[in-house]
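**Q** Sharing the feature lines straight out of TrEMBL:
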BINDING   58-62, 126-132, Y137, D156, A263, G334, H385, D452  (6S)-NADPHX binding site
BINDING   N59, D122, S159  K(+) binding site
BINDING   K422, D423, A424, A425, T426, G451  AMP binding site
DOMAIN    10-213  domain 'YjeF N-terminal'
DOMAIN    228-511  domain 'YjeF C-terminal'
Amino acid sequence: MRTLVTAKQMKAIDAYTINTIGVPSMVLMERAAMWVARAVEETAGKADVIWAVCGTGNNGADGVAAARMLHLKGYKTSLFVVGDPDRGTAEFLAQSAIARNLGMQMRPWQEAAGEDCVVLIDAVFGVGLSRPIEGEYRQCMEMLEARHAAHTVAVDIPSGIHGDTGQVMGMALKADVTVTFGWEKMGTALYPGRAYAGTVRVCDIGFPESALDAVRDQEEGYGYGLTYESSDLCLIPDRPAYSNKGTFGKVLIAAGSKNMCGAAYLSALAAYRTGAGLVKLLTVEENRQILQERLPEAIIATYTSDQLIQGREEFKKMIEEQMNWADVVVLGPGLGSEPYVEYLVEDILTSAFVPVIIDADGLNAIAGHPYLTTYFTENIIITPHLGEMARLIGESIDAVKENLTGAALEYAGRYGITCVLKDAATVVAGKDGTLYVNSSGNSAMAKAGSGDVLTGIIAGLAAIGMEEEQAALMGVYLHGRAGEQAAGKIGQHSLLASDLADCIGAAMKSVAHE
Ligand SMILES: NC(=O)C1=CN([C@@H]2O[C@H](COP(=O)(O)OP(=O)(O)OC[C@H]3O[C@@H](n4cnc5c(N)ncnc54)[C@H](OP(=O)(O)O)[C@@H]3O)[C@@H](O)[C@H]2O)[C@@H](O)CC1
Ligand SMILES: [K+]
């Protein structure tokens with residue numbers, strides 16, 4: 001498990017380490033610069049021209065210090081400054097003085113025109129970036145972008161990427177390697193920042209763990225983000241030898257509509273593949289035969305849409321019985337948008353006292369009939385993609401995209417539920433402010449049916465004993481790992497959602513015994 005911090009949190013950790021613990025700012029900076037210089041040395045030869053392009057804040061100061069270290073080792077290093085050097089931070093002024101005392105020239109960035117650059121050290125902005133990039137800064141960064149250095153090392157975060165949201169603040173510089181300090185920044189875990197960062201290296205520059213704790217305690221609701229890595233797969237419960245199908249929980253999947261049964265099938269298949277003991281599909285009568293043929297392991301229960309509208313009381317009773325049977329419920333894949341879906345959602349929400357994972361048309365019914373949110377309990381996990389989230393909160397997709405973590409946290413907090421907001425880097429917000437940013441998966445998973453598989457995985461994990469929020473976090477991670485396995489076998493272009501489901505077992509195995 002790795003911790004992710006926002007820019008604000010990182011600044012507070014810096015300040016605590018310097019002011020309360022007493023580690024001098026310049027000591028931290030020298031270590032930071034050493035890591036940056038090392039990353040450059042891995043690719044630069046002594047004949048290659050290295051540019052360090054530095055702003056006048058502490059990110060720039062890191063860049064000046066790294067350039068000085070490389071200069072002392074005999075590398076051809078040019079130092080360029082953007083912004084008014086006289087208004088630099090104390091550290092920038094100190095690092096500039098050291099560089100000059102060692103005979104280095106610090107020139108305005110405009111003088112770079114016409115000179116060569118093989119390796120670029122991007123030290124224009126770090127976590128201090130607070131507004132869109134304009135004017136001289138933009139001109140400088142455009143010049144750097146056009147330069148196409150063979151290799152770019154970003155200091156702490158690619159300049160132009162917002163440390164909290166990963167958004168491009170007008171423009172940003174793409175890096176091959178981002179050398180970051182202490183903890184990974186939220187902005188390089190989320191897209192598009194993640195795509196700009198290249199390989200992210202988290203380097204220890206001497207922040208104590210206690211700074212993380214102290215900052216968390218100082219401010220209420222100051223939660224850190226987290227992300228899983230392969231060793232966390234061991235959090236998935238073992239399968240005891242002395243067991244039967246009842247040991248592993250019963251999943252009920254309310255899904256599918258007339259002649260639309262693919263989503264129901266994929267969700268059920270994934271729940272079984274994840275380890276559920278029994279999976280029952282609750283769907284329309286028209287789907288019975290095909291689902292039975294495709295997945296004979298599943299129990300099929302059916303209803304007709306007429307039954308639902310005309311015999312509401314009886315239908316409610318049937319739903320109650322199904323809910324009593326289930327240990328976990330999936331509600332929504334492929335349900336369609338017929339008027340009866342509203343009643344189905346209402347009856348399930350009012351009679352389920354187990355975790356309910358709501359997806360797709362289940363969420364659309366809620367967006368169309370907001371009174372349904374009054375039935376939300378802490379057992380609810382919603383799994384919207386950007387469009388579904390936008391409909392739920394009445395915002396544009398762009399607005400959700402700009403602040404993915406904020407949207408998920410706000411919705412989860414408002415209703416006391418778990419919100420899985422699906423994107424290239426899916427985020428999960430828990431009811432108590434837990435924030436998870438997923439690191440697994442690939443673009444091959446952006447295909448029809450992938451979300452249905454995710455619902456089945458989360459349900460399967462809940463069925464084998466994981467608490468619902470944990471099942472949501474792990475489900476997202478495992479889903480991505482299955483995508484990696486499947487792409488490895490089949491290739492990114494050809495991967496289908498059913499391949500994802502078929503690779504869940506291998507993804508779980510790669511885990512436990514890695
Ligand atoms: N000892 C330490 O503290 C350590 C710090 N470390 C390093 O320091 C970095 C953080 O440094 P930083 O706080 O000085 O901010 P930085 O990112 O350099 O930005 C400079 C200033 O730019 C300004 N600004 C913002 N947006 C702007 C815009 N669009 N256009 C123009 N100006 C804009 C804004 O000032 P403002 O104008 O808002 O007052 C901001 O303060 C961190 O990423 C890491 O690399 C490490 O060495 C470890 C030890
Ligand atoms: K930078």
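A Cβ is built for glycine as well, from the same backbone N, Cα and C atoms used for every other residue.
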**Q** So which binding-site residues out of D122, S159, K422, A424, T426, G451 are up against ligand 1, CB under 6 A?
**A** none
**Q** Using a 10 Å cut-off on Cβ-Cβ distances across all protein chains shown, tell me which of the binding-site residues (A61, V127, A424, A425) has the largest neighbour count.
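**A** Sorting the candidates by Cβ neighbours within 10 Å, the top entry is A61.
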**Q** Tally every other Cβ atom lying within 10 Å of the Cβ atom of N58 ((6S)-NADPHX binding site).
**A** 26
**Q** Got a sec? Which of these binding-site residues, D122, D423, has the most Cβ atoms within 10 Å?
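**A** The residue with the most neighbouring Cβ atoms within 10 Å is D122.
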**Q** To see if you understand the setup: which same-chain residues, six or more apart in sequence, place their Cβ under 8 Å from that of Y137 ((6S)-NADPHX binding site)?
**A** G55, V82, G83, V124, F125
**Q** Around the K(+) site recorded as N59, D122, S159, what other same-chain residues have a C-beta within 8 angstroms of the site's C-beta center?
**A** V53, C54, G55, G60, G63, A123, V124, F125, G126, A154, V155, D156, I157, P158, G160, L173
**Q** Where the record says K422, D423, A424, A425, T426, G451 bind AMP, what is the longest distance in Å from one Cα to another among those residues?
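**A** Among the residues the record ties to AMP, max Cα distance equals 14 Å.
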**Q** Which residue, of the binding-site residues N59, S130, S159, T426, has its CB surrounded by the fewest other CB atoms within 10 A?
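**A** Minimum Cβ neighbour count within 10 Å, taken over the binding-site residues N59, S130, S159, T426, occurs at S130.
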**Q** Looking only at C-alpha atoms, tell me how far D423 (AMP binding site) is from G334 ((6S)-NADPHX binding site), rounded to the nearest Å.
**A** 20
**Q** In sequence order, what residues of the same chain, 6+ apart, have a Cβ less than 8 Å from the Cβ of K422 (AMP binding site)?
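**A** Looking at Cβ-Cβ distances below 8 Å from K422 (AMP binding site), excluding near sequence neighbours, one finds T383, P384, H385, L386, G451, L454.
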**Q** Which binding-site residues from the set N59, S159, G451 come near ligand 2, judged by a Cβ under 6 Å from any of its atoms?
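**A** The qualifying binding-site residues are N59, S159.
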**Q** Please identify which of G334, G451 has the densest Cβ environment, defined as other Cβ atoms within 10 Å, among these binding-site residues.
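**A** Max Cβ neighbours within 10 Å, all protein chains included: G451.
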**Q** Could you check which of the binding-site residues A61, D122, V127, S130, G334 is the closest Cα neighbour of A425 (AMP binding site)?
**A** V127
**Q** Express the distance between the Cα positions of N59 (K(+) binding site) and V127 ((6S)-NADPHX binding site) as a whole number of Å.
**A** 8
